[in-house]
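Participant: Please see the structure below; I have some questions.
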Ligand SMILES: Cc1cc2nc3c(=O)[nH]c(=O)nc-3n(C[C@H](O)[C@H](O)[C@H](O)COP(=O)(O)O)c2cc1C
Ligand SMILES: Cc1cc2nc3c(=O)[nH]c(=O)nc-3n(C[C@H](O)[C@H](O)[C@H](O)COP(=O)(O)O)c2cc1C
């Protein structure tokens with residue numbers, strides 16, 4: 001058996017994942033609204049064989065938000081722009097099922113998939129931040145309801161994407177026949193949350209349908225991933241925890257009559273790499289020093305519905321928060337609470353770790369490469385999403401120091417395996433539900 | 001006084017405005033989903049000094065729709081792609097206020113405006129086609145209600161676009177100050193249809209705010225245009241009717257304390273140009289012959305809620321339709337009914353004229369150029385949107401034969417006057433409402 005190659009995505013999150021990454025001198029301070037920066041990051045990643053670019057999103061800001069996310073590009077527009085500025089890299093963006101219309105979103109993603117030649121992906125999120133409701137003239141659905149909506153939403157969008165069989169459009173100028181009506185399918189969905197007749201005014205793409213990413217880690221999130229997701233974006237607390245999570249998602253896929261390999265797991269990681277271990281530590285220090293303790297408390301508050309942590313003693317044990325944070329980033333807040341209890345940590349320690357966590361991939365290129373291979377070989381994941389704390393420096397270091405080490409070990413190729421995002425992820429083209437049904441009939445007959 | 005220069009927009013509508021333009025050999029049959037074709041049309045127009053590209057849209061299709069619109073790009077995604085593929089041309093797209101969320105749309109347009117360096121425009125439509133409701137889990141609001149929603153929708157989006165003063169974001173790496181909280185404005189809109197807190201997670205753009213186009217011609221449409229629009233897209237039945245319409249819109253602007261010149265009128269025209277008048281007529285004949293009478297009836301039906309016209313005698317007078325078509329493209333259907341009555345036309349004549357109307361700009365380059373100048377000098381409009389019946393041939397002919405004639409008459413320059421769409425339209429940068437308020441206070445003080 002040849003060793004499994006390692007696959008990467010890259011977060012395009014402006015200046016970086018760190019709250020104060022905009023202060024880091026390695027990149028432009030306005031990175032989050034700088035088109036040239038986005039294009040250059042995407043192109044560098046593409047040349048290095050990164051499988052996809054990934055754009056996160058949020059629908060609510062206030063003065064306490066991460067500064068450089070106060071102004072940022074909207075995912076569909078920036079990804080459509082990148083579709084023209086790049087050739088091969090996949091283009092995945094976050095859109096919430098709690099605050100959008102499935103007909104519009106199905107269509108925009110289908111259009112991105114056409115424009116990019118089959119490179120579109122959709123990170124399906126249910127929107128943890130309650131404040132989002134304030135921008136959408138409605139109430140924030142609770143956690144369980146959000147996932148019920150998301151389930152029906154995915155039925156609708158995937159149904160719409162199959163409106164036209166692959167060979168439905170003929171465009172015969174001689175006969176005047178534009179399409180074959182027998183190969184056009186109205187959806188006529190009537191469900192609990194949505195009524196959508198269809199058909200979609202967009203054909204299927206080179207990869208069949210956009211790739212579905214999913215990013216919730218609760219039981220409900222794992223259930224949704226098992227049913228629909230082609231890929232999952234998750235945390236990376238440790239190899240063991242990530243492997244356990246990966247197995248739960250793959251089990252959930254099997255429970256939905258899919259194969260374990262039909263859903264690829266991508267933990268987000270923030271490697272810090274340098275020529276020596278000491279230099280890597282120095283880089284980490286520079287990043288940590290981008291932040292004051294007041295800022296760290298505010299950062300922590302984001303996960304807990306913007307709870308005001310400045311009211312507590314910094315050096316007393318992490319406070320008991322009761323139900324606060326249970327309805328938003330639940331899996332994250334549960335983990336923070338558990339870590340605090342396990343380590344008997346002070347609020348100061350929790351806040352500093354939350355704002356600038358020590359990455360589990362830090363060291364020389366060889367060290368990081370070995371660790372990545374260890375995770376893959378242990379079955380912890382299928383690849384990684386690189387969400388550098390500081391985007392510009394992070395990507396440059398990774399390409400310069402880690403990629404060659406992976407290549408030397410025969411575990412990485414800069415040549416992307418195909419043309420579409422599904423190709424890059426090792427997934428087959430998504431067959432239409434109608435072609436599948438016909439296939440089953442044909443086999444049975 | 002120097003003569004007023006003439007300004008053009010170009011419809012990017014795939015193969016063309018004609019129902020069967022996809023059959024015309026001058027362009028690719030799949031033009032409506034062909035990125036390369038869109039890019040090449042936009043670049044040709046840009047090089048010829050066309051001020052903006054314009055993408056129309058619809059939210060409902062069925063087997064009777066215009067064939068090449070059964071599959072087409074979604075406006076925001078294709079325009080974002082074109083933002084990277086072009087440098088100067090404005091990029092305007094159609095989005096319905098009846099079937100979308102103002103926070104999302106404000107943000108996507110703001111993002112397009114950033115990506116394009118201040119070239120975004122929004123054609124605000126209220127969606128005439130009732131079928132759209134079938135794709136959006138709701139009822140179709142009636143004509144009056146749609147315009148009431150649109151009015152509040154524009155208050156919200158324009159309010160959101162002013163969330164950040166032009167100098168609100170500082171990004172001072174020394175002091176650590178990212179922005180000035182005094183220059184950030186939450187909207188806190190609570191109206192009849194929308195509650196939107198804001199602020200928007202997007203800054204103002206190079207042109208301040210995206211350009212507002214409006215495309216309804218009823219009294220309610222004119223009222224909305226007078227209040228909000230920077231430009232109006234309208235029909236071009238005749239010089240006199242268009243001039244009357246133009247005056248009504250400019251009067252409406254004045255009634256809203258704006259200047260007549262604050263709103264630019266762009267009738268859509270479909271010129272057919274050739275070296276000689278006979279050749280132009282032959283081109284028109286070729287286009288008319290792309291269509292059978294059955295197809296012409298179906299085309300007519302589109303304006304009348306997909307009414308089935310095949311039930312009537314083709315050569316009897318145009319039937320009395322009562323209320324049919326009153327709730328969709330009302331101004332169009334009223335005009336069709338009036339023309340039929342005035343000319344005592346048969347259904348056949350009405351259908352053929354509706355599907356392939358004889359353009360009011362047909363002839364040699366010099367003839368068409370003179371006619372365009374005549375319209376402008378008569379005050380009928382500020383410019384024209386070129387919606388060629390057959391896109392590829394139409395644009396090529398126009399650039400080759402009409403533009404040089406306009407240049408020779410000193411009425412056209414291929415050099416666009418500035419960088420932003422507002423520059424191209426002769427509109428000042430849109431000042432923020434907060435800057436304006438401060439300015440008024442300063443003057444009063
Ligand atoms: C790794 C990861 C990335 C996420 N990215 C986003 C995002 O970009 N935007 C967003 O609104 N929510 C994002 N979420 C939130 C999830 O979609 C989900 O709403 C939230 O985690 C609560 O669901 P859960 O309890 O199932 O995790 C992310 C969650 C995870 C775990
Ligand atoms: C020149 C013109 C172009 C239009 N373009 C669109 C369009 O692209 N998409 C759409 O849904 N409606 C479009 N409309 C419809 C209008 O927005 C409006 O809903 C319709 O005309 C009915 O309103 P009215 O009675 O005020 O004209 C257009 C209308 C006109 C007159």
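Cβ from N, Cα, C; glycine included.
I grabbed these lines from TrEMBL:
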type	residues	note
DOMAIN	A:21-381	domain 'Luciferase-like'
BINDING	A:57, A:94, A:143, A:147, A:217, A:218	FMN binding site
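What's the neighbourhood like for each of these?
Facilitator: Reduced to three states, the DSSP call for residue A:94 (FMN binding site) is strand.
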Participant: Considering each pair of residues in A:57, A:94, A:143, A:147, A:217, A:218, all listed as binding FMN, report the largest CA to CA distance in Å, no decimals.
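Facilitator: About 19 Å separates the two most distant Cα atoms.
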Participant: Tell me which binding-site residues (A:57, A:94, A:147, A:217, A:218) have a Cβ under 6 A from ligand 1; sequence order is fine.
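Facilitator: A:57, A:94, A:217, A:218, in sequence order.
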Participant: To what whole number does the mean pLDDT across the domain 'Luciferase-like' (A:21-381) round?
Facilitator: 95
Participant: To which of the binding-site residues A:94, A:217, A:218 does the lowest count of other Cβ atoms within 10 Å belong?
Facilitator: A:218
Participant: Identify which of the binding-site residues A:143, A:147 has its Cβ surrounded by the largest number of other Cβ atoms within 10 Å, counting every protein chain shown.
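Facilitator: Result for the most crowded candidate: A:147.
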Participant: Just jot down the residues in the same chain as residue A:57 (FMN binding site), at least 6 apart in sequence, with C-beta under 8 A of its C-beta; none if empty.
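Facilitator: Residue A:57 (FMN binding site) has long-range Cβ partners A:74, A:75, A:93, A:94, A:95, A:96, A:125.
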